[in-house]
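Novice: One structure, pasted below without further comment.
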Amino acid sequence: MDVPVIELSGVVKSFGPVDVLKGVNLTAYAGKVTALVGDNGAGKSTLVKGLAGVQPFDAGEVRFAGEPVALHTPREASALGIEVVYQDLALCENLDIVQNMFLGREETAAGTLDEGVMERQASETLQSLSVRTVKSVRQKVSSLSGGQRQTVAIARSVLKKAKLVILDEPTAALGVAQTEQVLALVRRLAESGVAVIIISHNLVDVFKVADYISVLYLGNMVAQLETKDTNNNDVIGYITGVKTYEGSRA
Amino acid sequence: MTTTPATPPPTIGSGHEGSARDQISAYFRTVRQGEMGALPAIGGFVVLAILFSFLSSSFLTPLNLANLLTQSATLMTLAMALVFVILLGEIDLSAGVTSGVTAAIFVVLVHNFQVPWLLALAAAFAAGLAIGTFIGFFVARVGIPSFVVTLGLFLGFQGLQLVIIGTGGAYRIETPEIAAIMNKNLPIPVGWVLYGVAIALAVGIALWDRARRTRAGVANRPLILMWGRLVAIAIAGALFVAFMSIDRAASRGTLNGVEIPHDAIEGVPIVVPIAVGLLWIGTFVLDRTRYGRHLYAVGGNTEAARRAGIKVAAIRMSAFIVCSTLAVVAGLFDASRIGVVTASSGSQIVLSGVAAAVVGGVSLFGGRGRLVHAAIGALVIAVIANGLGLLGLPAGINFLVTGGVLILAATIDALSRKRAGGTLIR
Ligand SMILES: Nc1ncnc2c1ncn2[C@@H]1O[C@H](COP(=O)(O)OP(=O)(O)O)[C@@H](O)[C@H]1O
Ligand SMILES: [Mg+2]
């Protein structure tokens with residue numbers, strides 16, 4: 001197997017006396033979707049915040065493309081090509097799609113915003129992801145549906161040439177049709193060569209989209225499974241702590 | 001001047017495609033969806049102007065139009081200043097007293113300390129800068145709500161101004177350059193030259209925008225829309241300059257069929273190009289620079305802006321600095337028009353400034369609104385005072401009508417958003 005894009009080993013995070021991550025291992029590969037599942041409070045969000053550099057890990061090793069790296073600030077994570085698509089609070093509703101996709105790294109010419117260049121790149125990125133639900137890249141985000149907003153947030157990470165994209169519950173607030181669209185988008189994102197980590201509570205979605213499933217239980221990674229080798233009941237067993245087998249991908 | 005793009009244009013649209021008719025109907029669609037912008041305020045202004053011109057024969061005269069502009073310039077500038085902080089969902093209740101205090105600093109330096117007026121002007125602006133930095137520090141770094149910080153300054157600065165000016169004191173503006181802003185007019189040829197420069201600038205920028213879009217290989221709106229807009233601006237501007245070139249002192253009447261001789265009052269008031277210049281520069285910064293984009297982003301969703309790597313605290317600070325600095329300009333305008341600076345200069349105007357912004361269509365929730373909205377809102381409020389004044393109605397009526405217009409404007413905005421299925425917030 002290839003070198004994983006990201007490889008965590010023995011990652012630890014505590015908040016005062018509370019040990020939230022107790023030596024977690026996790027890998028994600030280029031071109032593959034790795035689902036991160038676990039009950040509420042298992043530590044999924046804490047793990048993601050560590051990867052994003054928002055809440056650095058206390059101890060443990062992080063390797064990016066085989067190289068040991070530090071993830072102490074969002075800037076460091078971003079520079080490596082790690083992008084997180086948060087479930088909420090990710091877009092400015094008063095701005096349009098192009099403005100959101102380029103927020104914080106706008107193209108300029110002669111000191112002024114180069115709207116044409118940004119518009120073109122935004123359209124091309126959406127097209128490369130086969131997005132058909134968006135009519136105009138100059139629509140305000142306030143006029144978009146939940147699924148379209150997720151699409152814009154994901155396209156934003158593609159535009160940034162991310163190598164690892166982490167999606168925190170991208171379908172939690174969506175209806176059936178929109179969930180399908182976003183899941184298809186996640187697949188296309190992986191097929192473009194990006195390593196994708198997706199957090200989800202919905203096992204149906206997970207089995208539809210993921211190549212690997214990693215199960216977090218009370219701060220321990222209790223299972224790292226290949227989707228094709230496992231089933232719904234097994235995964236539920238790991239999530240609820242009924243099963244405690246330490247799996248391996250080998 | 002069109003170059004063929006290297007690759008065919010993308011198939012996801014940008015709203016620039018289609019005929020002029022498509023474009024116009026698309027515009028009306030966004031209006032129906034609740035994006036009314038300054039339309040209600042413009043409508044209100046037109047209605048009020050028509051009403052007053054029927055009720056008073058002196059309303060639609062060059063003299064009164066010049067008066068209206070000088071009466072509104074201070075409020076307009078203060079409202080534009082406030083837009084920068086209102087866009088962030090913040091408020092600066094001290095903008096009015098800042099204009100008063102800095103005008104007091106200017107006039108006292110010139111009078112009591114014989115400081116050259118340019119140096120005193122620099123001192124006033126430095127004070128404005130310092131005040132903005134002070135507010136920004138407490139809001140953005142310490143984390144105190146701007147309402148509280150600026151309310152504190154609002155109260156404190158009234159005292160400071162009393163100390164600077166002295167109880168019951170009043171300083172006359174004797175600097176001719178400052179007095180000229182509101183009381184002198186551009187020579188007629190200069191007015192036309194400035195008009196020409198402004199039109200050339202507008203045409204140049206419009207063409208530059210098109211060229212840039214063409215080079216990037218994205219769609220452009222039909223040329224006719226661009227020229228239509230520019231010609232409309234050019235005609236409106238020319239009518240205005242021509243109207244202002246009429247001798248406004250001409251209505252002194254005749255004696256035995258012979259015109260009574262008088263000094264001509266003609267030309268565009270000097271304050272007009274200054275105010276238009278500020279509006280233009282501010283709009284350029286907000287619409288066309290990364291800074292402006294980031295300001296809107298922070299106002300729309302602070303957390304998203306932070307995650308996008310925008311330095312939120314720095315943007316916050318800067319908005320208060322811009323606001324206080326523009327407030328200095330408003331203070332000088334006011335001093336120029338009234339001719340004196342007193343201990344209470346500027347203490348009344350700030351809420352009218354907020355009202356002007358809201359009437360013009362700026363959202364107090366942040367993230368939505370433009371400088372021109374504030375300018376139009378200020379014109380609406382000024383035209384109410386001006387028209388009712390001509391009718392000889394008591395000042396109390398003016399406040400009642402202004403308050404009513406404010407609530408009406410906010411209601412129209414809320415209803416149009418609600419009907420479009422949106423929420424009032426954001
Ligand atoms: N900043 C914090 N301070 C203290 N405890 C925290 C903090 N963040 C998370 N926790 C705790 O860590 C545990 C895991 O939280 P989280 O990572 O959000 O779980 P998940 O996303 O899997 O539901 C929870 O028990 C939560 O209360
Ligand atoms: Mg969580």
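Cβ coordinates come from backbone N, Cα and C, glycine included.
Not my notes, these are from TrEMBL:
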type	residues	note
TRANSMEM	B:37-56	transmembrane segment
TRANSMEM	B:68-88	transmembrane segment
TRANSMEM	B:93-111	transmembrane segment
TRANSMEM	B:117-140	transmembrane segment
TRANSMEM	B:147-171	transmembrane segment
TRANSMEM	B:191-211	transmembrane segment
TRANSMEM	B:223-244	transmembrane segment
TRANSMEM	B:264-286	transmembrane segment
TRANSMEM	B:313-333	transmembrane segment
TRANSMEM	B:345-365	transmembrane segment
TRANSMEM	B:372-391	transmembrane segment
TRANSMEM	B:397-416	transmembrane segment
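I would like each feature placed in context: is it buried or exposed, what are its neighbours, and how far apart are things?
Specialist: Counting only same-chain residues 6+ beyond the ends of the transmembrane segment (B:37-56), those with a CB under 8 A from a CB of the stretch are 31, 359-361, 370, 372-373, 376-377, 379-380, 383-384, 386-387, 390-391, 405, 408-409, 412-413.
Long-range contacts of the transmembrane segment (B:93-111) within the same chain, counting only residues at least 6 positions beyond its ends with a Cβ under 8 Å from a Cβ of the stretch, are 74, 78, 81-82, 117, 119-121, 123-125, 127-128, 131, 135, 147, 150-151, 153-154, 157-158, 160-161, 164-165, 171, 173-175, 178, 323-324, 327-328, 330-332, 334-335, 341, 343-350, 353.
Same-chain residues lying 6+ beyond the ends of the transmembrane segment (B:147-171) with a Cβ under 8 Å from its Cβ atoms: 91-98, 100-101, 104-105, 107-108, 111, 131, 134-135, 138-139, 340-347, 350.
Tertiary proximity for the transmembrane segment (B:223-244) is limited to same-chain residues at least six positions away from its ends with a CB under 8 Å from its CB atoms, namely 20, 23, 62, 65-66, 185, 191-192, 195, 198-199, 202-203, 206, 210, 266-269.
Long-range contacts of the transmembrane segment (B:313-333) within the same chain: residues 73-75, 77-78, 80-82, 84-85, 87-88, 90, 92, 94-96, 98-103, 106, 121, 124-125, 127-129, 131-133, 135-137, 139-141, 146, 178, 181-182, 271, 274, 278, 291, 294-295, 298, 305, 345-346, 349, each at least 6 residues beyond the stretch ends and with a Cβ under 8 Å from a Cβ of the stretch.
Long-range contacts of the transmembrane segment (B:397-416) within the same chain: residues 34, 36, 40-41, 44, 352, 355, 358-359, 361, 363, 377, 380-381, 384-385, 388-389, 424, each at least 6 residues beyond the stretch ends and with a Cβ under 8 Å from a Cβ of the stretch.
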Novice: With Cβ-Cβ distances below 8 Å as the criterion, list the same-chain residues six or more beyond the ends of the transmembrane segment (B:191-211) that contact it, or say none.
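Specialist: Here the qualifying positions are 1, 185, 220, 223, 226, 229-230, 233-234, 237-238, 241, 244-245, 267-268, 273, 276.
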